[in-house]
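Below is one structure, written out as structure tokens; the observations come after it.
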């Protein structure tokens, strides 16, 4: 969720993990734009703007074209399905910027070519229009993450609440409904946009923040619109189309063998039935093979290490304590049994990782601001820490004489400051939406009062600024971390007897939407700055994309919710793991540690501090050795889910690694396109499969795998009957 919003080393430098996959869902992944980006960076050194000097920059009104928003709508629906499926399966969401950029370029180029042949083309396709499409698509699909359909919002449902005996009373449950979900998203998703608009010049021009994901996207778009880059983009689109078709047809083929529970290729016991029972198998999922090709090797290896530690070692050992540590009569899904250890230890690692990185990024933010505002000599400029520089490069600042502005910087700054967004629009918009939200949100969630919402909105601009500034420094969005803080603070404020669990989850949604959209908008401003797109067109595109997402994302989730009866159930096709994680965080915040099974608190403390220690060690040894140390956040995800998707992702890494050894140039150029095709094809298949399930069409075959002993008993039973 950018996006991931984003796991990412790109929102994320070294992390891409599930719920932070928008949180940490995408630095290195967003940077993997292949040869196109590297070649465009070479052009950058030669002055990109001189290459485009002969091309007139259209006014901001002409950058917002009808065709741009039609393409954005189509791609927004596609990527919302992809993000939603990832949300409801593992929560790991890679950057989809490359896919959005390639497909946006392809669709509009095709559109303009047809119009040109018919003599009806009135306006050529520009990089500014390409940037508008990119911004709108990412804003639309981003709501599928920040909307909490795989985390806090679905965690309110009775389906998730039934999986634990704590705090599952009616006042702590709210069933999903299309009406209130759309209404809630509309009143909370726009505040973040208005909160940081007045700071765009400070962030982009004065502080010169890097925003690596926005910068990488700009390089990608600029390269598309050079003659050499356009040729490569066409080849990349063809590769994407081939693997999209393959992935879609493979999903269709697999559907025929899934007539019952545990049927199909997704349950293939690749390493034997014993390993299958411990969640170690390859499930032939093209979407996660593609995700593995995009995510850095370290993320995929960390996932596999986490699966081995948990499902290979810890859970079998704890299971041996059945009857001692917990009752042997408990159902497998009970949080008072083995399932409780899985969930709460994973939560402990997530919180430990989140707290460490919150302190690290927040301290860097304060340090950078101090040097900006309190430097003694105004003729001296502060070199801020930037992403990817390692702990040593980011732990200190130096002062140097400001270099003279290049032609590109002069040109970009001139146009970036040309179309001002009046501050009264930002302030008036924030206050107006805040008032409406303070009135309507308590009507949606009766557990919250107006003063809870007002308190959130008083501190929200500060949090939005910190997140946007921190993202500019490190490319790391802490949206999920701020949301978790809201869970504990608001939940405890409301109290257990007044529906504190539901109140904490709702407050998490309010904060996550504000800080996530704020950092996304600043990333888009950086992209617009480097492609000469007007800030006004960027802002309007973000607003329109957010509005589309507020409708599309709930509708897509509603389709999943109605089509799949076992949605959110452990072991199902769509277990929505982070819904249960977020709900249990809220339970902990309201009821304390009484909800934990025996010895679970001790294990949680061990893994909480272990996550902080591992992160500290990674920063201490520097980038040279930290690439050999697993990421705690990534390790935590398979603690609950198992290792099957980690194996898929490692297969993706292996494919890319071997391809790079055979032909590095082609792997760099086409790897992201192939991965995007695998992801998009599987995502598109989700729509017809959901419709088939909704209308009651069942697959004709069940392909199941049995042990020799079970198969003998089944044969004997069938012969008797």
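Backbone N, Cα and C define each Cβ position, glycine as well.
In TrEMBL, annotation is done automatically, which means it is predicted and not curated.
Ranges compared are 378-400, 539-561, 562-584, and TrEMBL records transmembrane segment for 539-561.
When TrEMBL is compared with the stretches 32-51, 92-111, 112-131, the one noted as transmembrane segment is 92-111.
Annotated by TrEMBL as transmembrane segment, the relevant range among 272-293, 338-359, 668-689 is 338-359.
Taking residue pairs at least 6 apart in sequence, the transmembrane segment (637-659) and the transmembrane segment (539-561) share fewer than three C-beta contacts under 8 angstroms. The recorded stretches the transmembrane segment (476-494) and the transmembrane segment (338-359) share 3+ CB pairs below 8 A when only pairs 6 or more apart in sequence are counted, and are therefore in contact.
With a cut-off of 8 Å on Cβ pairs spaced 6 or more residues apart, the transmembrane segment (338-359) and the transmembrane segment (637-659) reach 3 or more such pairs and are scored as touching. Taking pairs at least six residues apart, the transmembrane segment (178-199) and the transmembrane segment (500-518) share three or more Cβ pairs below 8 Å and count as touching. Cβ atoms under 8 Å from those of the transmembrane segment (64-86) belong to residues 1, 3, 92-93, 96, 99-100, 103-104, 107-108, 111, 123, 129, 132-133, 136-137, 140-141, 143-145, 149-150, 287, 291, 537, 540-541, 544-545, 548-549, 552-553, 556-557, 560, 574, 679-680, 682-684, 686-687 of the same chain, restricted to positions at least 6 beyond its ends.
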